[in-house]
Amino acid sequence: MTTHYLVLSALLFAIGGVGVLLRRNAIVVFMCVELMLNACNLAFVTFARQHGNLDGQLIAFFVMVVAAAEVVIGLAIIVMIFRTRRSASVDNANLLKY
Amino acid sequence: MQSPAEIVSHAGGVTGVSWLMIALPLFGAAVLLLGGRRTNAWGHFFGVAMSLGAFAVAVVTFVELLGLQPEQRRRDIGLFEFIPGMVDLGMLIDPLSISFALLITGVGSLIHIYSVGYMSHDRDRRRFFAYLNLFVAAMLLLVLSDNYIGLFIGWEGVGLASYLLIGFWQHKPSAATAAQKAFIVNRVGDFGLLIGIFTIWTTFGSLAFADLTHEVAGQASEGTLTAIGLLLLLGACGKSAQLPLQSWLLDAMEGPTPVSALIHAATMVTAGVYLVVRSGAFFEAAPTAQLVVTIVGVATLLAGAIIGCAKDDIKKGLAGSTMSQIGYMMLGAGLGPAGYAFAIGHLITHGFFKANMFLGAGSVMHAMNDEVDMRRYGALFPVMKITAVTFIVGYLAIIGFPLLSGYYTKEGIIETAMHHNQILGWLAVLGAGLTGFYMSRMVFMTFFGKKRWADDAHPHESPAVMTWPLIILAIGSIGLGAFLVLGNRFMNFLSPAVGLPQPADMPEPHVFGVGTAALATLALVAAGAAFAWFRYGAAEVPAVAPRASFLTTFARRDLYGDALNEALLMRPGQWLTRIAVFFDNRGVDGLVNGLAAGIGGTSGRLRRVQTGFVRSYALSILFGAAAVVGALLYVGNI
Amino acid sequence: MGETITFWVLAVVSVAAALGLVFSRKAVYSALMLGVVMLSLAVLYAVQDAPFLAAVQIIVYTGAVMMLFLFVLMLVGVDSADSLVETIRGQRFWAIVAGLGFGLLLALAVGNVAFSPAAGMGRAVSGRDGNVPALAEEIFTRHVFAFEVTSALLITAALGAMVLAHRERVRPKATQRDLARTRFAGPQPSPLPGPGTYALHNAIDMPALLPDGTVAVTSINRVLARHEMEEGYAPTDPEKAALIKQVLEKDAARDAAPVEGDKPIQVKDALQDEGELRDEGEPQAGTTSRKENAPQEEDGK
Amino acid sequence: MNGGTIEAPTIEYALLAPMLLIFGAAVVGVLVEAFAPRYLRKSIHVPLTLLALAGGFLLTILQAVREGVPTTPAAMGAVAVDGPALFIWGIILVLAFVSTLLINDDEQFVAQAAAVPGSSDEEAAVRHGYAQTEVYPLLLFSVGGMLLFPAANDLLVMFVALEVMSLPLYLLCGLARRRRLLSQEASVKYFLLGSFSSAFFLYGMALVYGYAGSIDLRAISSALGTVAGQDILLYVGVALLGVGLLFKIGAAPFQAWKPDVYQGAPTAITALMASTVLVAAFGAVLRVFWVALGNLDWDWRPVMWGVAILTMVVGAIVAITQTEIKRMLAYSSIAHAGFLLTGVIATGGPEQNQEALSAILFYLVAYGFATVGGFAVVTMVRDAGGEAGHLSRWAGLGKRAPLLAGIFAFFLLAFAGIPLTSGFFGKYAVFSAAVAADALPLVVVGVVASAIAAFFYVRVIVLMFFSEPAADGPSIAMPTVGTSAVVALAAAATVVLGVFPEPVLNLADQAASALFIR
């Protein structure tokens, strides 16, 4: 079973990664990052059971806390840029280049 | 790296602050150059003060050194380690370096003082003093460094200062050209020196003088030592205007006269002699290199004398004479420990009387509206007595008039050379005779005979700020030689640094220093002087140089030195450059330009990858991650 | 067996939901899809002997984080349908290539490992009162420092949200009364421009400003500008005056040499003018947003 | 069993004092934000921040001097305060102190971040002299994270520290006073890419945990070779961990964020990021790759070779065509990350490790100071619209402000690694360590890249001193006390490290000789 869970987590991670590359709405991009973090958590929990120690679950718990903080900051930044540009598209922000 | 030589740990004292010797003039240069016009009002005094300060430190250091036992008169002062174990900068205070330091700061200070008067009408006087200070600092670094790196830095520093000072009057095209010439010719020598230093480093693994003792040098093969010696000699030839790199010195007289006195007579041009003496360990172990040194010395002393005979420009005449006298020193330096003391002694006395004469010449020029042609002088003795008397003292010293400075030191070189090798000795005697002729010619044409002044010339004595240095230098020209040579005082003083000669190498001492060679020299000098009197003292001197014999033309044209350079170096050089340029354009340049264009193009293209879209960046991260994972799996053989 | 069934059901659901997150056009749908994934994962946690995490996943992630997402989505505007037309050349292709490659690499890597049967959480929680106390003990002993440091993270988050989102009033909030008074007694009876137009004024003689504060050349009214210049009512702002003058001169030059009849000024020309007038290195916010608008319009059909 | 009692954890407060002081000061800073009146805030924050940083530095020194270097991890094995960590703490605290002086400048930060750029709200905020004083506690939180990051003894703490360090930076990047569009864009980009990369770090962590069954660095190290049949987990995990870490140091191909973020962020924050973050991230890289994965070096080293070469080459080459000064410095920072990676590659056995480690530590000091100084100069060259970033505006600066241009030229020479500047010894030490570790080809690439890099540094110098100044060239802002102190300090450090490197070299050597707790 462990392998199944891991493959699932790998798939979710990869889908999240692709989503970051494909979506232009900053909020959706950020959701994809969250999906990646969730995939990580699944791997942690799976490994925790595999090894029979609690570290994995513990890390997953910490990741949730960290992710929550990150979400707050991230959404604040996105709101900030939306206010200025009236657009949440990440492609709009490309004054800095070359 | 603990040096094998005994290092006396210094427990404070003045030697602890002897770095001030270099630091003070350097500070002066920095203040004057960075301070800009704000320092115009007091800059020259500041420069003089810095130079005098360095002199004071040198004197105190010297006195302290004298207070020690002779074998302890050697102090290594580590200033700082640059690359640990590889490049350290430090100062070596020993009899040899302190002698130089005293000469440089002493004569240098006098010339600084003189320049206050001489340059008083120049708008850029501050800049001039900045360069002078820079020169003094670099020269002191050259002689006080305890390794070849520091020496080389100082060497380049004096080269730079010399370049700046020769070209000081940039508005004169001749000055600019002369400065460039000096710079380029010196590059040839510096190249040799640099390769020499590299060779020393690869052979012995150290560049500190303390590590490069006679024993250490003896371990290398003679071929290597000869190569090192010849390479160092090439460097010395460049800086000291020895054949075949002599041609820049005469042109260098385009610089202001104090520069000629300080740099191109008293101090910088003697750096080559210092280098040869300092590197004695290599030369003494390589007789071939030593022989070449003596040959170069003799050839130059004759060439310089011949040039001096034909010049009508007073400064160029003196420049020829400088070449010639440095030839003597080089000859002495090539004779091993027996000659070192005389070479350095002559260097010091020469520093005095030649500076004296240059400054005298400057004083004359000052009086004659910057006229340099001796054919326009004559009968200046009554008008400017102090200048004339001091000049004549210098003159008597240089021709070796008995009991004056030059007599003792030059005679020492000639006799040691005679003892070493008869041919060298007699050629040196011949050179002395020529000296007697051309120097007398100079004095007679300038101070005696009839007035041949330009119509608007109103000669007058120079101000006290210029004459006092002359007087002090003249006193040195009189007494210094006897002080140094009698009783081998200087030789004994120097011996901890350069070693004592074998008794067999020494000529027999004479009562009052009169031997066969000396008698011959005196006779020839007298003949030369007499001949000069008949030609230029008693007879009428034409105001325009007459057409002359082949020999005179030969001498007037600097022995065709420039033509020779042109034929031997410039033409082939130009061919070489043309070929090189061809290949350069086609091959190297193509390569370099191609490379540059390639890098630039790559850069431009890579730059476009940075599209500004955050999603592209994320893509690159994902690709990178995949690549790193793949690579690690590949490396891990999975 | 029960676990296998649960897994396969939830695996399919979560992968489908994840794909839906990536490919649904509306951001709200994406958010809901993410919620589905999170709930599925919560169940999977529970199945894998992690009841505490399952609860936290639902409470914190689905309950708090997702709500925050939705909240911001509402703030930004739920109807801002995200265009699926790719604007960066090659991005979609390479993204899918890289994603597939990376996903395959990961899946193959973890799929190829031969695991021994899972040890299960029995040993870890034995001797303690179940999962939650065991976790608590871990958190407050071995990992207490990490736990404490996360507080810094939370404070930072709060502070950050304050900095970026909280606007302090410079002057007291206008009451209904104040508003009415300004509306009727003030100098401007007409309504102010709506949001998103970047205009500080709505008078026709005032050129519009771009987001970076420079004048939008296209918005200069030629007729009025010419009139102003002729009558000597140039704007007081010297920069604007210079710009207007420049535009007029350019017009004059064009009028002087008419090509194929009297050509009206077209947007394209004006854009070029703008490019010339601006500093090359300056960011061109205006043009960027214009470029961006094109596909969206296309998409809106 | 009585499950209700938990044995209280032991935490070595003395060992962790510098970090705790910083976090404590940050919390106090938040309270100041909450309770102090607006007009007082800045005058409380600045001394508070500076005192906290200086106090942290003093505590670090005290720790190193009085109690020596501990050999066991602290706080229940979460934090390893060892020799290199103490040295890195010292660097970070000093550089953060210097950067704070720069941040102190009024002109750097937005009056009110929530106000839309160019709006009347913003105007009003500026008129009322508002200032976003939250910058200071955010800075302190970030510095606390930086201290924890290289000292983390397990991956969880490292991950948390990474976030503690990064989150405030994401915010700070968006707070520039001028060119706010660029600044906000930098913030968004940094945030999205940063969280993207930390997801990779986390997944790598998960896989390594799956392999070793623990996240303790030492446990991972001892698990290497004992776990059979699961190497693939380890390799993929290590690679992904590496991605997260390499992103933070800006190694290619994860460098894309650096130029954009460095350009857009307020220059004072750029200075902070370019110096302290790099230091902290390198500390973490060294710890992970030496403590946990030291026995795997035959496997990760070739990959690191590739990354180092790519980083040096990309950094040096792309910098050539840059026209923006901050962007150019960002690429230069990328190239320097590459040079430092050669040092990381040079770690090996204990003796080799000491040499490489001390080389890296010295390099970080040297580069940190030069870079803070360089950015400080950038803040002083201003146009009407803020800093004059475009290189063409710098033409002839040497004639307008010879001293400033001279100092900047000096920093550039230090970047280029010219002898008698600090950069020379840094490069020399790192490259010689790499040569000793048989990485000669890498050093050759490094030297070539340095040569290319020297080209664009010198190009700027030539531009400043040998070009005619533009008629309407930028003005040189009258520096505040803080800014001039930063410039003077950085210049002095660059000179002293270039001329008398001995003491710092010895110190770095001493710190390195204690090695990481393994």
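Cβ atoms here come from the backbone N, Cα and C positions, even for glycine.
Predicted automatically and left uncurated, TrEMBL annotations should be read as such.
Here is what TrEMBL says about this protein:
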- D:152-452: domain 'NADH:quinone oxidoreductase/Mrp antiporter transmembrane' (DOMAIN)
- D:13-32: transmembrane segment (TRANSMEM)
- D:44-65: transmembrane segment (TRANSMEM)
- D:85-103: transmembrane segment (TRANSMEM)
- D:135-152: transmembrane segment (TRANSMEM)
- D:188-212: transmembrane segment (TRANSMEM)
- D:232-257: transmembrane segment (TRANSMEM)
- D:269-290: transmembrane segment (TRANSMEM)
- D:302-321: transmembrane segment (TRANSMEM)
- D:328-348: transmembrane segment (TRANSMEM)
- D:401-420: transmembrane segment (TRANSMEM)
- D:440-466: transmembrane segment (TRANSMEM)
- D:478-500: transmembrane segment (TRANSMEM)
Remote residues contacting the transmembrane segment (D:328-348) - C-beta distance under 8 A, at least 6 residues beyond either end: 249-252, 255, 258-259, 261-263, 270, 274, 278, 282, 285-286, 289-290, 294, 297, 301, 304-305, 307-316, 318-319, 322, 355-357, 359-360, 363-364, 367, 371, 374-375, 378, 391, 415, 426-427, 429-431, 433-434, 436-437, 439, 442-443, 446, 449-450, 453, 456-457, 460
What parts of the chain pack near the transmembrane segment (D:44-65), using Cβ distances under 8 Å and only residues at least 6 beyond its ends? 14-15, 17-19, 21-22, 24-26, 28-29, 32, 36, 81, 83, 86, 89-90, 93-94, 96-97, 100-101, 104, 133, 136-137, 139-140, 143, 147, 511
Same-chain residues at least 6 beyond the ends of the transmembrane segment (D:135-152) with CB under 8 Å of its CB atoms are 18-19, 22-23, 25-27, 29-30, 32-33, 45-46, 48-49, 52-53, 56, 78-82, 84-85, 88-89, 92-93, 96, 100, 103, 109, 158, 160-169, 171-172, 175, 272, 276-277, 279-284, 286-287
With the cut-off at Cβ under 8 Å and a gap of six or more residues from its ends, the chain residues touching the transmembrane segment (D:85-103) are 18-19, 46, 49-50, 53-54, 56-57, 60-61, 63-64, 69, 109, 135-136, 139, 143, 146-147, 150-151, 267-269, 271-272, 275-276, 279-280, 283, 361, 364-365, 368-369, 372, 375-376, 379, 482-483, 485-486, 489-490, 507-508, 511-512, 516
Let me spell it out: take the transmembrane segment (D:440-466), skip the flanking residues so only those 6+ beyond its ends count, and list any with a Cβ under 8 Å from a Cβ in it. 305, 308-309, 312-313, 315-317, 319-320, 322, 325, 328, 332, 335, 338-339, 342, 345, 391, 394-399, 405, 408-409, 412-413, 415-418, 427, 431, 434
With the greatest number of Cβ pairs under 8 Å to the transmembrane segment (D:232-257), the stretch among D:188-212, D:269-290, D:401-420 is D:188-212
